[in-house]
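Scroll down for the structure; my scribbles are underneath it.
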Amino acid sequence: MQRHLISAADLTRDDAVLILDTAEEMARVADRPIKKLPTLRGRTIVNLFFEDSTRTRISFEAAEKRLSADVINFTAKGSSVSKGESLKDTAQTLEAMGVDAVVIRHGASGAPYRLANSGWIDAAVINAGDGTHQHPTQALLDAFTMRRRLVGRDAGLGQDLSGKRITIVGDVLHSRVARSNVDLLHTLGAEVTLVAPPTLVPVGVGSWPCAVSYDLDSTLPKSDAVMMLRVQRERMNAAFFPTEREYSRRYGLDGDRMAKMPEHAIVMHPGPMVRGMEITAEVADSERCTVVEQVANGVSIRMAVLYLLLGGNEPAVTHARTTEEK
Amino acid sequence: MSKILIRGAKVLGGEPQDVLIDGETIAAVGTGLSAEGAEVIEAGGKVLLPGLVDLHTHLREPGREDSETVLTGTRAAASGGYTAVFAMANTFPVADTAGVVEQVWRLGQEHGYCDVQPIGAVTVGLEGRKLAELGAMHESAAGVTVFSDDGKCVDDAVIMRRALEYVKAFGGVVAQHAQEPRLTEGAQMNEGIVSAELGLGGWPAVAEESVIARDVLLAEHVGSRVHICHLSTAGSVEIVRWAKSRGIDVTAEVTPHHLLLTDEMVRTYNPVYKVNPPLRTERDVHALREALADGTIDIVATDHAPHPHEDKDCEWAAAAMGMVGLETALSVVQETMVDTGLLDWAGVADRMSSKPAQIGQATGHGRPVSAGEPANLTLVDTAYRGQVDPAGFASRSRNTPYEGRELPGRVTHTWLRGKATLVDGKLT
Ligand SMILES: [Zn+2]
């Protein structure tokens, strides 16, 4: 694996499967009475959040603490980033403090890439979401959730998602989750279809390794998993679609639509869900909806990523792992 | 006055000849000219061109002297082989009055490295609402003939129409920064395959093309002359080609960076590649080169846009747009146009000196290299190859996309009205 995790596209199939397998080991720790490993004792990790996201920050923080790392939370919200100086200045401050890894969330696409590649800092950089670009650990936890549900918890070890058909629905244009998932799911052998009104599909999507459809109903019967993306209401004011009702009618997932999916198919959502527009309460609360599992899986995935990036060449949990695997 | 004999220079890339400068003018061009009483410059087969003319330079003074001044900018121009530059109006205060344009013009005259011809704003404060005092700027000592709100588009069709009509009274030209503002809200780079992957806001080609299409039709309707700044897409080329075939009085410029670089560079997220209009695709680059070769695009203009280090040493979205270009323009044109066989040196003289001087009415510049003409000249070592080192730039700013890149050609001498501003690659 590389030293940083900036984009899901940077992961090879073997990297990704290794992370998913490691996350299974990490998940077992959550079932223990003491949910803590000594693995990253003495290491310092900073959660550098320029953009508010309590859910993602808490998930990383839980992962870091379960691995016994020293954790510093730095929230830059409200500080002036208009001239862009604060990213570099903050990075250099952290460097001076001897930080081993930086988990960064930033509103600007490419900010984690710059942090990792500008020589400002030596620490490992983990992208926790940048602008409308990437959110690789989200894609990994989604893939982990799919593998557990569609392949099996133990049967899935060492496996990818070959042949699985995944449909991603909603605001693809503004979604780092969609970009990350398309990259990773393709690497793992799945067939991805994006479904959205044409206004919410980026120009240039033709080069992505996926199909694009404007018709949700015809896609559902062919889906093993349907991932609903958050659609922000303000997109309506920018004329991306006429009304909330029309959006729901054409692209929302309700009970009737869910009934068109195969028996085994699951419904996913990166959260937080806004019930009503993109997903009805009936669907959100159903057995097939994996939102709560996704949150739990997020911690396991982030433990696996931190462990592997920060030189995890000792046993993570139980059995030894060779450096060649990295 | 002093005499200078330039011996054995390939004038416009032709057979080696001697060129004798006497005072401010070229006294003779021929073979075996007498060196008596003259300082001799052995050209040794270097190419001699008329001094280059840049119709699109940002000198930043007044207001942003931390990035460039008239002095540092004209020294950069002389280093790049230029003898005249047109200074864009987006300064602080904006060059929208006779007072500001005269100040900029006078600074150029005082420093003596390069003639500075100010461009006047089309509208007050570049705000696009009210025409600036175009006539007063024309009548000032600066004699403004080119008007532009560059940095912003004159997007109101009525204001654009009025400006085009109004400047006819004194033979002026409106230079349009073609950018439909609504289509480019939040734009960070060319809209296409790369922007889709990187998740950066797209600047679609149609935002440029639709404004050019409108403006050539307006120019036709009111019988005026319009100039298109930094044309960057294959579609824009088609529109200008169509307009010219229809007899519309339109001229267009392309920057060196749009002739060489593509939006693939943005994958580095290095803001040194952030520029407006944005770097486009390989297909656009080839269309631009061909259009410059066949004359559809009239000139090369640098859009020299200096920015201090801190405005570029940051994340992409926060970075300023623009690149410096005066000191590398000729090298990029040699690489993309001459070394590819698309243009000869006479063609370069036309696109980088004669035509821009004509469009901007810089009389005294862009003249033939022949007896009786003003001695505005530049000597180029076309055999040279070397890496671009921004540390050696005369410009106050270093935001070049070419750092460490090997480029051909080096300007060794520049003369402004017979006075050397650059000798053996060193400023005087
Ligand atoms: Zn411009």
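Placed from the backbone N, Cα and C atoms, the Cβ positions cover glycine too.
Among the features that TrEMBL reports, carbamoyl phosphate binding site is placed at A:R55, A:T56, A:R105, A:H135, A:Q138, A:G271, A:P272. Classification of A:R55 (carbamoyl phosphate binding site) by DSSP places it within a helix.
According to TrEMBL, the L-aspartate binding site annotation covers A:K83, A:R176, A:R230. Just so you know, the Cβ of A:R230 (L-aspartate binding site) picks up 18 other Cβ atoms within 10 Å once every protein chain is counted.
Counting residue by residue with DSSP, the domain 'Aspartate/ornithine carbamoyltransferase carbamoyl-P binding' (A:3-147) contains 65 helix, 27 strand, 53 coil. Summarising the annotation, TrEMBL assigns domain 'Aspartate/ornithine carbamoyltransferase carbamoyl-P binding' to A:3-147.
Here the domain 'Aspartate/ornithine carbamoyltransferase Asp/Orn-binding' (A:163-309) has a mean pLDDT of 94 out of 100. The annotation domain 'Aspartate/ornithine carbamoyltransferase Asp/Orn-binding' is assigned in TrEMBL to A:163-309.
A gap of 16 Å separates the Cα atoms of A:R55 (carbamoyl phosphate binding site) and A:R176 (L-aspartate binding site).
In sequence order there is nothing to list, since none of the binding-site residues A:R55, A:T56, A:R105, A:R230, A:G271, A:P272 has a CB under 8 Å from a CB of chain B.
Listed binding-site residues: A:R105, A:H135, A:R176; maximum Cβ neighbour count within 10 Å falls on A:H135. A 10 Å cutoff on Cβ-Cβ distances gives A:G271 (carbamoyl phosphate binding site) a total of 15 other Cβ atoms nearby, all chains included. Each residue in A:S53, A:S59, A:A128, A:G129, A:P270 lies on the same chain as A:R55, A:T56, A:R105, A:H135, A:Q138, A:G271, A:P272 and has a C-beta within 8 Å of the C-beta centroid of that carbamoyl phosphate site, without being one of the site residues.
Taking the C-alpha atom of A:R176 (L-aspartate binding site) as reference, the shortest distance to any of the binding-site residues A:T56, A:H135, A:Q138, A:P272 belongs to A:H135.
Pairwise Cα distances among A:R55, A:T56, A:R105, A:H135, A:Q138, A:G271, A:P272, the recorded carbamoyl phosphate-binding residues, top out at 17 Å.
The distance from the Cα of A:G271 (carbamoyl phosphate binding site) to the Cα of A:R230 (L-aspartate binding site) comes to 7 Å.
Spacing of A:Q138 (carbamoyl phosphate binding site) relative to A:R230 (L-aspartate binding site) is 14 Å (Cα to Cα, whole number). On the backbone, the CA of A:P272 (carbamoyl phosphate binding site) and the CA of A:R230 (L-aspartate binding site) stand 8 Å apart.
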